[in-house]
């Protein structure tokens with residue numbers, strides 16, 4: 001049994017080591033690993049959260065592109081007609097012209113069953129299109145839910161997130177680091193983390209008076225009213241601009257170049273709104289003056305997300321109401337072109353924002369107006385740009401299956417542009433603060449309202465809108481969802497597929513099933529929320545208990561020191577009285593000569609006993625007396641090594657003074673002289689006897 005248990009333990013240990021080594025290798029091979037470490041060490045966790053979120057979105061779009069390209073685009077290459085349109089280069093901005101007859105848009109895909117050879121199984125493009133998009137959105141939903149739950153558990157539920165500052169200061173160094181550059185980077189990271197923690201601790205101690213709190217509440221209310229009013233006005237302006245541009249593009253008197261240029265008007269105006277209004281919202285922070293830096297970031301993020309999602313909502317309403325019910329030949333491709341232009345123009349404005357908002361601001365702050373100083377990296381504005389672009393990419397995946405490829409290229413370029421701009425033009429945050437929970441907030445904003453709104457839009461398209469009759473895989477159908485009903489009617493006659501039909505009719509089409517599923521999800525969410533609250537209360541009580549125990553220990557130590565001081569003083573006084581009695585037992589003539597030496601030896605013996613281990617001090621008197629000669633020998637060796645050693649002169653002087661006073665008193669008593677001489681004889685005999693025994 002011992003042999004088997006030892007083998008199992010060695011196997012488990014080897015597996016753990018292999019798992020740790022593999023995770024380290026994958027982490028080192030991860031995308032932008034070293035770059036993210038440098039950013040974290042120099043700028044802190046708040047700036048790092050933006051780049052981690054950007055990397056996460058890039059991986060998301062890579063997965064989307066692989067799925068769409070594999071199951072939708074590649075089969076279409078088998079049955080792809082020729083494109084006779086010419087390429088002028090303007091299509092890179094407008095998305096029209098040559099790109100209209102390519103696999104980039106919905107209208108190019110066929111509704112026929114693709115079969116390359118007679119002996120191969122047919123490929124139903126309608127089912128492939130709707131199932132690929134449906135499964136992709138379901139996968140995105142699960143990934144977002146899992147990522148949000150994982151980040152929530154790491155930053156809100158995990159007890160490691162409540163560790164004290166002592167653990168960060170004393171137990172956070174990685175002793176396996178042997179590279180000088182890595183050591184410097186780790187020092188910068190730990191320094192920034194400690195600054196963030198101390199900054200939050202100092203801000204929590206600040207308490208504002210009631211008048212100042214009411215004044216700030218009034219300022220916050222006014223700024224919120226202004227922010228909502230600006231967002232509503234911008235949405236109304238974008239809607240009427242879209243209606244006007246649609247009418248101008250259908251004007252037959254305008255040439256083709258003018259029509260394509262007119263289509264860029266709406267994306268440019270929307271991008272200008274997304275560029276200017278966040279700067280206005282950031283200026284509100286100069287008036288509001290939030291107590292905590294992360295409160296200001298969260299407020300700006302909420303205002304920006306309301307603005308951007310409102311604009312996207314107005315555009316979706318325009319596309320699904322005005323465009324889908326119009327007489328356009330292929331309204332799906334028209335919407336796909338609009339989304340393509342919004343994504344491309346937004347990318348150009350992000351680059352211009354990095355140039356004008358950070359590069360020129362850096363030059364002005366260092367050369368022209370030094371009072372402005374070097375700019376900080378605007379986390380809220382940059383994160384909301386990413387969420388806005390990803391929302392457009394999700395909506396456009398139905399109208400343009402290859403739009404994730406454009407989003408991939410865009411995010412890849414933005415990462416390097418923002419990294420260079422951050423290193424060259426920006427400084428670390430002036431107010432250090434921790435942002436370990438910001439990634440959770442970013443994923444939550446991406447899930448709601450971004451992804452939730454996308455699901456609503458796709459649901460309306462699939463169930464409520466009539467597809468174009470001359471283009472796309474769902475032509476001549478009342479809705480894209482009708483393709484699934486037709487497929488179910490076809491497989492009903494197969495015995496092996498009846499379970500699929502049963503699941504479709506009893507689960508997929510059942511409202512009760514989704515109602516029960518929603519109730520279960522809400523109950524689980526409520527239970528997890530209660531667990532979080534309970535753990536927070538428990539952690540708070542444990543911190544209070546630890547603080548109280550520390551105070552109790554401090555009080556007990558102080559009382560122990562107070563109790564030990566009188567005992568030590570009484571012991572020294574008893575020893576001094578014994579020395580006086582011994583000195584008085586000597587003759588008067590030799591008292592003054594030998595008293596000081598006797599007192600010094602006795603005081604050294606007392607000090608030696610105090611320095612002795614507690615076990616010797618607790619011994620009985622007879623055993624301790626037997627141990628004292630060894631201790632006296634050790635003290636003698638130390639005295640020979642240090643001949644200039646003098647033991648506590650103040651105590652010796654006190655004793656000598658007492659002996660001299662007693663000697664003056666005894667000079668007037670002749671009888672006492674005889675007694676002293678007898679005592680002297682006894683002492684001399686005792687010394688001679690001791691020397692004889694030693695020989």
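Cβ atoms are placed via backbone N, Cα and C, with glycine included.
What TrEMBL records for 330-436 is domain 'TMC'. Averaged over the domain 'TMC' (330-436), the predicted model reaches a pLDDT of 85.
Under 8 Å from some Cβ of the transmembrane segment (56-78) lie the Cβ atoms of residues 31, 103, 108-110, 114, 116, 123, 125, 128-129, 132-133, 135-136, 139-140, 143, 147, 386, 390, 393, 397, 401-402, 404-405, 407-408, 411-412, 415, all in the same chain and six or more residues away from its ends. Positions annotated as transmembrane segment by TrEMBL: 56-78 (among others).
Residues of the same chain lying 6 or more positions beyond the ends of the transmembrane segment (127-146) and with a Cβ under 8 Å from any Cβ of it are 60, 63-64, 67-68, 71-72, 75, 109, 394, 397-398, 401, 443, 446-447, 451, 454-455, 458, 462, 473-474, 480-481, 483-484, 487. Residues annotated as transmembrane segment in TrEMBL: 127-146 (among others).
Under the heading transmembrane segment, TrEMBL lists 214-241 (among others).
TrEMBL lists 261-285 (among others) with the feature transmembrane segment.
A Cβ distance under 8 Å defines the sequence-distant neighbours of the transmembrane segment (297-320), meaning residues of its chain 6+ beyond its ends; these are 46, 224, 227-228, 230-232, 234-235, 238-239, 242-243, 270, 273-274, 277-278, 281-282, 285, 288, 290, 335, 338, 342, 379-381, 383-384, 387-388, 391-392, 395, 438, 441, 445, 449-450, 453, 457, 460-461, 465. According to TrEMBL, the feature transmembrane segment maps to 297-320 (among others).
Annotated transmembrane segment per TrEMBL: 392-417 (among others), in sequence order. Listed by sequence, the residues of this chain that lie at least six past the ends of the transmembrane segment (392-417) yet keep a Cβ under 8 A from its Cβ atoms are 32, 51, 54-55, 57-58, 61-62, 64-65, 68-69, 72-73, 103-106, 109, 133, 136-137, 140, 312, 316, 332-333, 335-336, 339-340, 342-344, 346-347, 350-351, 354, 386, 450-451, 454, 457-458, 461.
Look at TrEMBL and you will find 438-463 (among others) tagged as transmembrane segment. Tertiary neighbourhood of the transmembrane segment (438-463): same-chain residues 45-46, 49, 52-53, 130, 133, 137, 140-141, 144-145, 147-148, 151-152, 155-156, 294, 297-298, 301, 305, 309, 312-313, 316, 320, 379, 383, 387, 390-391, 394-395, 398, 479-481, selected by CB-CB distance under 8 Å and a gap of 6+ residues from either end.
Here TrEMBL flags 512-529 (among others) as transmembrane segment.
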Secondary structure composition of the domain 'TMC' (330-436) [DSSP: H/G/I, E/B, coil]: 79 helix, 2 strand, 26 coil
